[in-house]
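The structure under discussion appears below in the form of structure tokens.
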Amino acid sequence: MRRIGLYWFGNDLRVHDNPNLQQASAVVDQLLCVYCLDPGWLAPNQYGMANLSAQRWRFLKEALQDLDRNLQQVGQHLLVCYEAPVTAIGALVAKHGVSVVYRSRHGGFQERQQWLALQKHLPGLRFVESDTQTLFNLKDLPFTQLPQSFTPFKDSVEQLPVDHPLPPPDALPPNPEPKSDWLLNFPVYIPASSALDPDMAFHGGETAGKKHLKSYFRGSYPSRYKDLRNELDGWENSSKFSPWLAHGNLSVRKIYSSLRRYEQENGANESTYWLYFELLWREYFQWYAHQHGKRLFAFRGIKQRRPLTCFYPERFQKWCHGYTPYPLVNACMKQLNATSYMSNRGRQIVASCLVNELAVDWRFGAAYFEQHLLDYDVASNWGNWQYLAGVGADPRGQRHFDLEKQTRLYDPDGKFIHKWQAEVRNLPLDSVDAADWPVDPAAAKLASILSA
């Protein structure tokens with residue numbers, strides 16, 4: 001009797017360092033490789049925004065096409081379903097008599113609920129989950145409760161061994177479903193993305209990610225990472241691994257392995273350690289999301305601390321489009337809207353501005369990042385926003401950046417602001433006062449344009 005398996009791809013769109021594929025190749029006779037494009041991603045959420053912008057869709061589409069090509073090299077192909085995962089997978093299980101379902105452990109609360117729902121509705125199946133998106137496996141963590149802040153977490157795990165990344169499988173069992181051109185049959189129109197900034201030309205997929213990884217460690221950038229990482233612009237000024245990490249095109253263990261090899265060949269220094277330090281920050285937020293579940297999205301966060309913010313639609317729209325009274329913030333937001341990328345320093349600056357200067361609910365900022373960032377990762381995005389808003393893992397409480405000081409430090413000559421045409425000055429924050437009386441005709445006109 002044939003044994004049929006199903007691999008549900010999520011944020012693990014690769015064939016290298018994928019223990020689920022290795023296990024499936026040894027256990028099943030046929031394998032369904034499935035990705036579910038959830039229609040809910042394209043509908044407005046509770047913050048009035050769709051989860052998937054045109055740029056994010058472009059990167060995801062490229063990643064799926066690349067995964068399909070790589071699967072074909074080992075005798076497989078990708079089946080893309082435009083349907084809610086529980087519905088799509090349930091139908092495939094019934095149609096083909098699937099006996100085992102594989103997937104990578106996911107930090108998202110919604111994704112965890114979908115996984116549990118499948119187990120509830122399909123009780124006769126075997127469900128296999130692997131840690132493919134983290135440096136460490138759950139069973140190897142030296143604690144049962146995640147430390148409440150990053151430093152004790154780092155101290156307890158940074159000396160742990162990291163598994164060596166697995167090579168791609170030599171061959172996979174065949175897919176019982178025929179191959180189809182899912183892109184031609186995609187039932188929803190997503191507008192074409194805007195022209196790419198040549199300085200931020202990310203392309204999705206495992207092939208592009210591995211090419212960038214090789215290029216980065218071929219040069220001297222890792223040895224200078226700490227000195228460059230706070231720059232607001234420039235391809236070479238940070239590792240730029242995050243979009244491929246977020247989609248699972250690159251394994252974090254493969255990055256770690258490349259870093260250690262670089263240190264062996266070129267020497268370790270403070271900068272190479274700092275690269276590992278940043279991987280540990282990412283690691284912390286992955287387990288943070290697992291630990292806290294839906295509290296990752298709560299206004300009061302994990303600390304049950306109520307921020308002194310609410311929702312000002314006009315202020316939020318000005319922040320989104322880069323028309324605040326703060327030129328550096330405007331430049332960062334215009335960069336995000338044009339490229340779907342922003343430096344780590346820029347993200348901290350604009351988040352602090354939204355929460356502190358504009359007094360807007362942090363969750364709207366997190367949702368806007370979710371919609372636009374190529375490297376959106378549920379754990380890192382919402383965990384970092386909680387941290388900046390003072391309701392998350394920061395033991396010191398809310399972070400408030402001095403915007404004038406940040407400008408002096410990171411854009412002293414104004415080149416970044418000028419590049420993004422963000423020199424908006426003397427513009428009131430609000431177009432009306434507390435009595436709804438117009439403050440300034442220009443501000444009122446801008447507010448009407450942004451709300452149109």
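Including glycine, each Cβ sits where the backbone N, Cα and C put it.
Keep in mind the model is a prediction, meaning the values are calculated, not measured.
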Using only what TrEMBL says about FAD binding by Ser238, Ser239, Lys240, Phe241, Ser242, Asp375, Tyr376, Asp377, identify which of Tyr225, Tyr368, Tyr387 is listed for that site too. Tyr225
For the binding-site residues Asp375, Asp377, which one has its C-beta crowded by the most other C-beta atoms within 10 angstroms? Asp377
Average the per-residue pLDDT over the domain 'Photolyase/cryptochrome alpha/beta' (3-135) and send me the rounded value. 95
I want to verify one value. Collapsing DSSP to three states, which class is Tyr225 (FAD binding site)? helix
Tell me, by DSSP, whether Asp375 (FAD binding site) is helix, strand or coil? coil
Residues Tyr225, Ser238, Ser239, Lys240, Phe241, Ser242, Asp375, Tyr376, Asp377 binding FAD per the record - widest CA separation, whole Å: 22
